[in-house]
Amino acid sequence: MSLPDELKQECEGAFEIFTKESADGKLGPDELNKVLRMLGQTPSDDEVAEVINDYAEGETLALDEFLDFMAKQLSGSQDKREEDLSKEFKNLLRETFRWYDKDADGIISWNELKLALKGTGEVIQDWEVDEMMKDGDENSDKVLDFDEWINMMKELEGHIQC
Ligand SMILES: [Ca+2]
Ligand SMILES: [Ca+2]
């Protein structure tokens, strides 16, 4: 089973965020633990080690290994309903939102947006942050709340069922 495109992009984004946060730039047990918790699981160290063991060639997960693992995680059994998938996807978005929202006040400010975009390693100009902010900010209060942010992600990544 492979991931739908939009889900794949989101997983790649999550991978980038978590590897950026890690000291060595790789997805090791600590980061994997966070990913699993984000998906609502409470894995033991042994379980985390088992996943690394099963999916990683070395001690850390490479992007394609991570995607492979996420595909299995999100699909569960073959007949798992699509609703569950979008629920988990929404959780993923929610968690990404938390990464953007550095001061955890429930909104993404211009500075937080810029910081997060810079965190992806891309060179971001102020006007690009302006544009994104303007596109996403539906009620023109100069910040992005969670709904606005979800809508923005939907538009960025095409049609997503949430
Ligand atoms: Ca904030
Ligand atoms: Ca707003």
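Glycine is treated like the rest: Cβ placed from N, Cα and C.
Lifted from TrEMBL, the feature list:
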- 88-123: domain 'EF-hand' (DOMAIN)
- 128-159: domain 'EF-hand' (DOMAIN)
Same-chain residues near the domain 'EF-hand' (88-123), Cβ under 8 Å, at least 6 residues beyond its ends: 7, 10-11, 13-14, 16-17, 20, 38-40, 74, 129-130, 132-133, 142-146, 149-150, 153, 160, 162
For the domain 'EF-hand' (88-123), the mean pLDDT of the predicted model: 86
Cβ contacts under 8 Å made by the domain 'EF-hand' (128-159) with residues that lie 6+ beyond its boundaries: 5-6, 9-10, 90, 93-94, 97, 100, 106-110, 113-114, 117
